[in-house]
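In what follows, a structure is listed as structure tokens, so that the remarks can point back to it.
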Amino acid sequence: MDMFPLTWVFLALYFSGHEVRSQQDPPCGGRLNSKDAGYITSPGYPQDYPSHQNCEWIVYAPEPNQKIVLNFNPHFEIEKHDCKYDFIEIRDGDSESADLLGKHCGNIAPPTIISSGSVLYIKFTSDYARQGAGFSLRYEIFKTGSEDCSKNFTSPNGTIESPGFPEKYPHNLDCTFTILAKPRMEIILQFLTFDLEHDPLQVGEGDCKYDWLDIWDGIPHVGPLIGKYCGTKTPSKLRSSTGILSLTFHTDMAVAKDGFSARYYLIHQEPPENFQCNVPLGMESGRIANEQISASSTFSDGRWTPQQSRLHGDDNGWTPNLDSNKEYLQVDLRFLTMLTAIATQGAISRETQKGYYVKSYKLEVSTNGEDWMVYRHGKNHKIFQANNDATEVVLNKLHMPLLTRFIRIRPQTWHLGIALRLELFGCRVTDAPCSNMLGMLSGLIADTQISASSTREYLWSPSAARLVSSRSGWFPRNPQAQPGEEWLQVDLGTPKTVKGVIIQGARGGDSITAVEARAFVRKFKVSYSLNGKDWEYIQDPRTQQTKLFEGNMHYDTPDIRRFDPVPAQYVRVYPERWSPAGIGMRLEVLGCDWTDSKPTVETLGPTVKSEETTTPYPMDEDATECGENCSFEDDKDLQLPSGFNCNFDFPEETCGWVYDHAKWLRSTWISSANPNDRTFPDDKNFLKLQSDGRREGQYGRLISPPVHLPRSPVCMEFQYQAMGGHGVALQVVREASQESKLLWVIREDQGSEWKHGRIILPSYDMEYQIVFEGVIGKGRSGEISIDDIRISTDVPLENCMEPISAFAGEDFKVDIPETHGGEGYEDEIDDEYEGDWSNSSSSTSGAGDPSSGKEKSWLYTLDPILITIIAMSSLGVLLGATCAGLLLYCTCSYSGLSSRSCTTLENYNFELYDGLKHKVKINHQKCCSEA
């Protein structure tokens with residue numbers, strides 16, 4: 001049989017069958033324009049889709065800046081089995097190699113899908129086995145509504161509303177509202193109504209899936225996120241001082257509600273002339289809203305919630321579900337805030353009348369709510385001593401202010417059970433004069449204005465070096481570069497008055513090893529320029545050399561470093577030393593407009609009692625002020641306790657110094673008649689210890705806040721007056737937990753004039769206190785006065801020895817009877833020191849002429865042996881001085897050796913405490929002629 005006709009028959013049957021099948025199964029896939037909305041379905045939908053399908057669609061938008069949105073019909077049925085056989089996948093591009101947005105199967109329809117660009121790739125695949133109804137989706141151009149609802153607000157006040165308010169808002173919105181304020185203006189935002197779609201499965205605050213409102217401290221997605229809000233709970237009042245506050249409003253394609261309405265207004269920030277960083281932050285007043293307070297757990301009866309943890313609250317307090325040192329109370333301050341002190345209080349149960357309180361606790365801080373640092377004292381976690389009963393308030397001061405946003409209190413020990421109420425003290429960074437954040441955090445400084453010497457990878461580029469808002473930070477190419485080789489630079493756009501920087505460590509990503517994941521800079525230098533070419537370094541005013549600033553001790557906790565104002569448009573930071581993980585840095589620049597800078601004294605510390613000391617809670621606002629000179633100017637990297645600098649001007653306050661008000665009298669100046677004395681204004685106060693000689697003696701102590709100077713010594717200045725012959729002694733002692741060390745002493749009448757005292761406070765690994773001890777001997781009439789204690793930033797250390805006679809060597813000591821013990825110095829004074837102490841105000845006839853007729857009598861017993869020792873010591877010093885004078889006279893009388901002898905005397909070194917050596921030079925003219 002001829003095979004040729006048979007072949008033609010088979011071919012005809014094949015093509016005819018193929019044509020019939022093609023007519024029955026319409027082709028799937030294609031290229032679709034989303035200019036007009038349309039639908040894509042699986043073949044045969046809603047009937048079962050056929051087997052062996054491989055359909056591909058490309059959906060594109062007519063404009064390159066447009067996006068595409070896909071919404072699926074809830075009737076969705078594709079074979080399961082982990083999407084191995086039948087599935088639909090969507091990719092963010094025009095091919096199968098684009099990023100996968102989702103791969104779906106089963107009976108649950110996918111959520112709304114939005115492209116990042118103008119093209120989407122869709123693929124549907126089925127195998128030979130089981131089939132289902134398939135899918136149906138609608139594609140269209142994603143309409144954000146930004147043309148209608150995105151606005152900038154610059155007027156002093158205004159209203160922000162969701163689109164269509166008070167009617168229901170539209171679907172698929174992405175709106176941005178930005179409030180812009182001028183420097184020294186605070187933005188206050190108050191919501192009037194709030195109603196967005198609520199997620200019934202919402203777990204916690206900010207867990208919003210459908211419609212929500214984000215509020216940003218700065219430009220959206222650049223500045224830190226303050227909070228995410230949805231449902232019907234109205235956000236509390238917001239106060240921003242960074243100059244930019246933004247809101248982004250997102251809605252999906254489903255349920256729509258009435259939306260929101262809010263009012264904003266701007267108020268001028270005028271810092272006080274004597275800025276004090278000791279303001280209650282709002283736990284007691286309610287300025288900290290309930291939504292900002294949370295806890296690890298709450299007692300099951302619902303009567304001891306975190307929101308009841310406000311100081312002096314009349315309804316119980318916060319109690320966890322279980323009493324454990326793993327529990328914590330947390331406060332979100334919403335913005336970066338200086339924390340300087342914490343006040344705690346227990347609670348009495350309204351149901352059982354039993355008292356519960358926390359006896360000790362730890363402090364944890366964070367800038368983002370995820371990376372936490374336990375507050376340390378030296379190398380160990382600091383354990384704060386808290387309450388001894390359920391009602392008294394205990395104030396604990398931090399020895400250095402902390403810049404943070406989130407605060408956790410972790411109870412360590414307690415009585416009967418954990419119960420806590422508290423208040424936080426501090427201030428905002430921008431409260432200080434000329435301390436505006438110039439735009440790194442808020443995004444006002446663009447990415448193009450941030451540069452660096454080198455960059456490791458894109459994820460750690462200079463644009464990631466924004467304070468707090470970035471989770472990574474800047475990493476240079478070489479993690480272990482030479483000191484000063486790498487730098488990070490900020491272009492401020494226009495010349496500004498720059499007064500400081502805030503420096504923070506950085507976090508690495510997945511491509512950085514675990515050891516390198518957390519890096520920070522320990523020491524750095526700062527340079528500045530007006531043109532980007534001519535650079536100058538910030539100078540240390542004490543040494544007139546390039547200032548080497550202290551950096552961070554933790555990768556998440558920021559530190560402020562201030563310096564004298566300089567004009568600059570460009571600022572560079574040069575890392576000099578860093579953590580083992582290498583160089584990692586985030587940054588903000590502080591300053592103000594070039595014409596706004598004013599020389600103002602400021603401090604960053606509260607005038608509160610020392611930590612671990614039980615004190616009555618200061619109810620009066622004046623009780624936390626300590627005078628116009630109570631603070632040292634622009635802390636300038638001196639990490640000293642708040643309240644150290646003090647002039648004792650306010651009647652009920654001694655800054656951070658502790659003394660017995662019954663012994664140290666507060667006296668008031670009247671303008672001096674002596675032109676050689678320094679001039680004081682009327683009503684200026686000082687402290688005075690006095691005796692009229694009718695009692696056996698007098699002894700008083702004046703104790704500083706805790707000092708921690710592990711890195712470098714500083715110079716302490718004060719004014720003093722000592723009258724009363726050889727029975728008067730004033731000494732300064734460094735007291736630590738294990739030892740006491742004499743630093744300075746005078747033990748004789750100094751006359752009626754006020755004198756300067758200067759002492760070097762040495763570096764010391766442990767925390768210590770400075771103690772002024774005054775002694776007026778038995779049967780002696782005299783007085784000792786002290787005023788204006790402060791840390792000097794303009795006196796070189798080599799000049800910080802005044803008078804020289806007060807530095808008599810290591811072995812010299814004035815014996816003081818052991819009348820004190822323990823660490824709490826209020827107990828020492830109240831319980832163990834004898835004598836009648838009174839707090840009075842008296843006037844003097846002159847700066848150096850007190851009225852002796854009104855002097856108080858004191859009672860103190862000096863041992864006769866002690867008096868003998870003092871007398872013999874005085875005689876020894878007198879004989880030594882006489883011999884030295886004779887030797888000097890003889891030496892200078894011999895002309896051949898006079899020059900060499902004077903030179904030898906000039907080069908004589910006095911060796912002081914802690915290995916510090918200071919040269920005391922004698923004037924050439926006085927060397928021989930006055931002998």
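Glycine is no exception: its Cβ is also placed from the backbone N, Cα and C atoms.
If you look up Swiss-Prot, you'll see 298-310 marked as compositional bias 'Polar residues'. Long-range neighbours of the compositional bias 'Polar residues' (298-310) within the same chain, counting only residues 6 or more positions beyond its ends whose Cβ lies under 8 Å from a Cβ of the stretch, are 283-284, 286, 290, 316-321, 329-330, 347, 350-351, 419-423.
Here Swiss-Prot flags 824-835 as compositional bias 'Acidic residues'.
If you look up Swiss-Prot, you'll see CYS28-CYS55 (among others) marked as disulfide bond, on the strength of similarity to another entry. The Cβ of CYS28 (disulfide bond) lies under 8 Å from the Cβ of SER42, PRO43, GLN53, CYS55, PHE124, each of which sits 6+ residues away along the same chain.
What Swiss-Prot records for CYS83-CYS105 (among others) is disulfide bond, and it gives similarity to another entry as the kind of evidence. A simple way to gauge crowding: the CB of CYS105 (disulfide bond) has 23 other CB atoms within 10 angstroms, across all the protein chains here. According to DSSP, CYS105 (disulfide bond) is assigned to coil rather than to any helix or strand.
Annotation source Swiss-Prot lists disulfide bond at CYS149-CYS175 (among others). Residue density at CYS175 (disulfide bond): 23 other Cβ atoms are found within 10 A of its Cβ, drawing on all protein chains shown.
According to its DSSP assignment, CYS230 (disulfide bond) is coil. The feature disulfide bond is assigned by Swiss-Prot to CYS208-CYS230 (among others).
According to Swiss-Prot, the disulfide bond annotation covers CYS277-CYS427 (among others), on the basis of similarity to another entry.
Residues or ranges marked as disulfide bond in Swiss-Prot: CYS434-CYS592 (among others). The Cβ of CYS592 (disulfide bond) has 21 other Cβ atoms within 10 Å, all protein chains considered.
Each residue in the domain 'CUB 1' (28-142) has a pLDDT score, and their mean in this model is 90. The domain 'CUB 1' annotation in Swiss-Prot covers 28-142 and rests on sequence analysis.
The domain 'F5/8 type C 1' feature in Swiss-Prot is assigned to 277-427.
According to Swiss-Prot, the feature domain 'F5/8 type C 2' maps to 434-592.
Per Swiss-Prot, N-linked glycosylation site is recorded for ASN152 (among others), and the stated evidence type is sequence analysis. All protein chains included, ASN152 (N-linked glycosylation site) registers 10 other Cβ atoms within 10 Å of its own Cβ.
ASN157 (N-linked glycosylation site) counts 11 other C-beta atoms within 10 Å of its own C-beta, drawing on all protein chains shown. Positions annotated as N-linked glycosylation site by Swiss-Prot, on the basis of sequence analysis: ASN157 (among others).
The annotation N-linked glycosylation site is assigned in Swiss-Prot to ASN629 (among others).
The annotation N-linked glycosylation site is assigned in Swiss-Prot to ASN839 (among others).
The topological domain 'Extracellular' annotation in Swiss-Prot covers 21-864.
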Candidate recorded positions CYS105, ASN152, CYS208, CYS277, CYS427, pick with smallest Cα gap to CYS175 (disulfide bond)
ASN152
Does the chain bring the domain 'F5/8 type C 1' (277-427) near the domain 'F5/8 type C 2' (434-592), so that three or more CB pairs sit under 8 Å (pairs 6 or more apart in sequence)?
yes
So CYS55 (disulfide bond), by the Cβ count within 10 Å over all chains shown, scores 19
Which three-state DSSP class does CYS434 (disulfide bond) fall into?
coil
Which residues does CYS149 (disulfide bond) neighbour through Cβ under 8 Å, counting only same-chain ones at least six apart?
SER162, PRO163, LEU173, CYS175, PHE177, PHE249
Long-range Cβ environment of CYS83 (disulfide bond), under 8 Å and at least 6 residues apart:
LYS103, HIS104, CYS105
Taking just the CA atoms, what is the gap between CYS592 (disulfide bond) and CYS427 (disulfide bond) in Å?
18
Rounded to a whole number, how many Å is the Cα of CYS208 (disulfide bond) away from the Cα of CYS434 (disulfide bond)?
39
